[in-house]
Amino acid sequence: MDSGGWIVYCCIFFILLGKVLEYTSSYQDKWFTKLTLTPEARKLNSQYHELLSERLRLQEENHSISAQDNYARWTKNNRKLGELDKKLGTIRDKLQETNTSSKKVFGRVKLIGLTIPFWILKIWQRSHVVYHFPKQDLFPKLVTGVWARGWLYLALGPLQYLRNGSLNIQDYAPHGVSLGIWIWALQATINTLEFLVKQVILEKPVSPPPQKSKSATKAETKRPEKLEITDDKVELD
């Protein structure tokens, strides 16, 4: 690895941080609710939990009493439950608006702090050599050019061949794997490992449909078909 190892470490940090944010996407709503610093959102959250506990209490009370023996009390509780449902719906909508604004802020922070710096680093240091080749002719010229200059070399290779008559790699010294190709290979490896883990470990195997026994199959084949009369007309020759 070249002396500029900080570039590689920064790329690994950006990739791992992006994966952590991807894996924890289902928990981010709870984090947004807990990390909201506005006093209005905290007040709405406390009101929501108070009303929710009151609603649960009234439901338990209605289940414990009889509607025939305590009709007035049961009707009063039902009326309160309807009012609580409306209040809970209003507060829930306000909390969702707050969470939506928090998600927008988080998306901007992620864009400014993760996506843009990683993109700038990849463009700025795309020709940085991560691994050097021990020999110049270790691989074919086309492969060496792609690893040294990225996939753009593969696209411009035919033009270079038509202009010079050969694929010149002499200007690609020292020969090795560039940062752009190394990042592409690392991300492809991580995605492949994720796919294998999901398919082999996380996802449950699909069991085949149950097969009918031979005796049941024979019984179905031997069972006579029932004929139904759908018309009462009789035709005479």
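Each Cβ is built from the backbone N, Cα and C atoms, and glycine gets one as well.
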Looking only at what Swiss-Prot records, is Glu194 on the same membrane side as Ser46? yes
Pick from 143-159, 177-193: which range has transmembrane segment per Swiss-Prot? 177-193
Should anything in the same chain at least six residues away from the transmembrane segment (111-131) have a Cβ under 8 Å from its Cβ atoms, list it; otherwise answer none. 1-2, 4, 7-8, 10-11, 14, 17-18, 21, 148-150, 174, 176-180, 182-183
